[in-house]
Structures are given as C-alpha cells and as structure tokens.
C-alpha cells in the first residue's frame with residue numbers, strides 16, 4: 001500500500017515532530033506517512049519483537065535469581081522500569097485509532113475575525129511550549145541512556161547468590177552489561193558480549209524514547225488545551241464590550257471596534273455609514289457547520305432587530321447590519337470554542353486514561369521497592385548513584401503528568417472567575433445570560449483521570465511522594 005503525501009492541519013501539524021519521532025522509534029502510527037506503509041509496518045513489528053525479546057530476557061533473569069533478597073529487589077525494579085516502555089508501546093499500537101481521533105479533533109481550527117489575533121498568539125505560545133517540552137524530554141532521555149551505559153564500566157560486575165545449604169551469600173562474576181539479563185549464549189566475552197552490549201544499548205534508547213514520546217504527546221495535548229482556555233479568558237472582556245453596543249448607549253461607538261483583540265491597535269471592523277450588502281458578510285470562518293447556523297436562519301425571531309417603522313436603523317449606537325451580526329456571532333464563537341475544548345479534554349482522557357492507570361500502578365510498586373533500596377545506601381558509590389537515578393527518573397515521570405494535569409484544572413476553573421470579573425453588567429441582556437451560563441458550566445474544573453480511579457494533579461504527586469518518604473522513614477527506623 002502506498003500513501004500519498006497530504007497537507008496536515010491542527011494538532012497533527014503542531015505535533016508533527018513528535019509524531020515523526022514516534023514513527024522513527026517504531027510506534028504503530030501509520031496514518032501520517034507518505035510512501036509504502038508495508039515497510040513501516042515491518043519496521044514497527046521488528047522493533048516490537050526485539051523489545052519483547054530483551055524484556056523476556058530481563059524477566060528470565062528475575063525468575064532465575066530469587067534466592068537473595070537484595071538481588072531479587074534490584075531485578076524487580078529493573079523489570080518494572082521497563083514495564084512502562086513495553087506497556088506504552090503496546091498500548092499505542094492497540095489504541096492507535098483513539099490517538100488518530102484525538103489528533104483529528106482540531107483539524108479545522110476555525111476562528112472569528114475579531115479574535116483571530118488573540119487566537120494566533122496563544123496558538124503560537126502553545127506551539128513553542130510543546131516544542132520546548134519535546135526537546136527537553138528527549139535530551140533528558142538521551143543523557144539518561146548515556147549515563148546508564150557509562151556507569152556500567154564502574155564498580156564490580158557481580159551478582160549475589162544465596163546458598164541454601166550453607167545459608168550464606170556469595171558473589172558471582174557476570175558479564176559487564178548495562179542490564180542484567182538471561183541469554184541462551186555465553187555473553188562473558190568475545191562476539192557474544194559485543195552483540196549483547198549493542199543489543200542492550202539499542203533496547204535502552206528505543207524503549208525509553210518510546211515511553212517518553214507517548215507521554216510527551218499526552219502532555220502536549222494538555223498544553224494546547226490550557227492555551228486555548230487562556231485565549232477564551234483573554235477575549236472575555238472585549239466580548240462584553242462588544243455586546244454592550246447592541247442595546248446600551250456608548251458615546252464613542254466607533255472606538256468600540258478598535259483594540260478588541262487583546263490590546264491590538266488595528267481597526268477590526270469599519271463603521272460604515274450605510275448598510276453593506278449582507279451577502280458580503282462571510283460566516284464561513286466562524287464554526288460554519290449547518291448545524292450551528294441553520295437554526296438561526298430558520299428562526300429569524302432569535303435575532304433582535306433595531307429597525308424602526310420607517311426602515312431606518314434604530315440601533316442606539318448606529319451599528320450596521322454587518323456589525324450586529326459580527327457582535328452576535330462573537331458570543332456564539334466563544335461558546336462553540338469552549339465546547340470544542342471540552343470535547344478535546346474528553347478525548348484526551350479516553351485516549352490516555354488507561355495508560356496513566358497502568359503507569360501509576362507500576363510506579364507505586366517500583367517507588368516502594370526503591371525506598372527499600374535507598375535505606376541500604378551508605379556511600380556515594382555505583383550502587384547509591386544507581387538507586388538515586390532510578391528514584392529521580394521515576395518521580396520525574398509522575399511529576400510530568402501531574403504538573404500539566406494540575407494546570408488544566410487551574411485554567412479551566414479560572415474561566416468562571418474571568419467571566420465574572422469582566423464588565424458583564426454593561427453588556428446586553430444576551431451577554432448577561434451568556435455570562436450566567438458560562439459561570440454555571442465552568443463551576444466544575446476539567447480534569448484528566450486515570451481510567452476514573454484518580455485525578456491527575458499535583459495532589460496525586462504529593463500523595464505518591466509522601467507515601468515514598470513515609471515508607472523510607474519507617475524502614476530507616478526498623479533498620
């Protein structure tokens with residue numbers, strides 16, 4: 001099958017660097033490609049098989065070395081660490097259609113001419129933050145892989161073995177490899193050793209990048225959502241000033257249509273002396289589906305008119321028909337854009353909620369075992385650095401989810417405050433009703449949950465961190 005190149009829009013275009021990296025590291029995302037898909041599918045399946053073979057080798061080492069408690073704990077931590085990568089790799093493959101649907105929600109970024117400047121500005125802010133997040137996470141991942149491989153050459157390459165006959169623990173030399181694994185060949189030296197080393201280096205880089213790139217896409221969705229909420233809050237005050245022109249006398253109505261887009265000094269609407277042809281007013285840029293606008297044109301009574309009996313314009317501010325339609329469509333734009341954001345948040349939760357649940361279940365067990373291992377640190381040696389590295393990396397992964405989930409809660413809950421803080425009392429009756437509805441709808445903050453079991457926020461991170469610290473202190477006291 002050969003896919004022709006297409007022009008991308010919306011979130012797909014914004015997240016294209018992330019998507020290309022995910023495809024490069026073997027993720028099963030074949031929709032946004034050009035050229036033969038069969039080769040990409042074979043490449044993804046080859047990566048999956050190689051990742052699973054190494055993961056099974058790690059699990060085999062865990063099963064074969066259960067005699068010593070310290071060795072068992074260390075091998076369990078390593079297995080759980082790479083469980084994140086395997087589960088997310090398979091999760092993205094199984095739920096690829098959900099990823100496509102979420103990415104496609106914003107494929108038609110319709111805007112309003114009055115607020116186009118504000119929309120473009122917050123979109124550029126979101127794009128810059130998403131690119132910065134991607135670069136930071138990828139650099140951190142590569143540095144972590146380099147550090148992991150480097151520390152392999154320090155210290156003794158041994159493992160603890162428990163002798164049941166003598167009830168003693170002794171050390172056995174093992175291959176100096178980044179990861180303890182069980183292979184069907186002797187990897188102590190020669191070609192098998194070099195092959196095993198290169199294989200594990202590949203496994204480290206690809207598995208960690210596969211997991212982190214999926215997490216970055218999730219966080220990028222939340223970043224984009226938060227900036228859209230910022231845009232909606234930013235245009236609330238100009239929206240109220242616009243609505244006030246419908247039925248409230250204002251001395252300088254011509255100035256009303258200036259600086260309506262977050263401080264812009266550009267004139268947005270010309271105050272024409274005579275009514276323009278209403279056909280010149282194009283509504284296609286403002287959520288132009290028939291379901292949105294058809295009801296209004298079928299029921300003209302929903303639009304107020306200001307013409308007197310003589311057919312003259314009776315609007316107290318002298319607004320033309322075009323300006324009246326523009327003002328009314330601004331309120332509709334805000335509502336439809338907010339509903340669009342709500343749909344995006346719902347799709348994000350459905351797409352990645354189960355992955356968050358699996359991540360937190362694995363991390364809870366892993367962090368508990370790391371707290372136990374941390375009690376045995378007596379010096380800043382290879383063992384101490386390894387445990388600290390595991391601990392910091394695991395907490396950073398959880399923090400990455402929680403910080404963006406918490407920001408979504410803050411931004412969505414502050415929409416009601418922004419609506420109440422604007423000059424709604426100077427607006428039209430329609431605007432006052434609009435603000436009342438906004439306050440009612442935004443009382444409950446938007447959240448992302450882990451398959452309905454927990455809410456992703458800083459409170460979750462504080463709970464996890466508090467549990468780890470508490471367990472660590474208890475173990476120190478028992479020791």
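Cβ coordinates come from backbone N, Cα and C, glycine included.
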Can you tell me if Swiss-Prot, going by its topological domain labels, places residue 29 on the same membrane side as residue 380? no
Swiss-Prot feature transmembrane segment, matched against 44-64, 107-127, 212-232, maps to 44-64
The residue range that Swiss-Prot labels transmembrane segment, out of 303-323, 324-344, 345-365, is 345-365
Quick tally over 74-94, 188-208, 456-476 of CB pairs under 8 Å to the transmembrane segment (345-365) gives the top stretch as 74-94
If you count the other CB atoms within 10 A of the CB of residue 167 (N-linked glycosylation site), including all protein chains displayed, you should get 7
Do we see three or more Cβ pairs under 8 Å linking the transmembrane segment (74-94) and the transmembrane segment (456-476), pairs being at least 6 apart in sequence?
no
One stretch in 134-154, 188-208, 384-404 has more Cβ pairs under 8 Å to the transmembrane segment (456-476) than the rest, namely 384-404
Taking DSSP H, G, I as helix and E, B as strand, the topological domain 'Extracellular' (155-187) contains 0 helix, 12 strand, 21 coil
Contact set of the topological domain 'Extracellular' (155-187) with the rest of its chain, CB cutoff 8 A exclusive, min separation 6+ beyond the ends, reads 54, 57-58, 60-61, 64-65, 67-68, 70-71, 74-75, 78, 148-149, 193, 195-197, 200-201, 203-204, 381-383
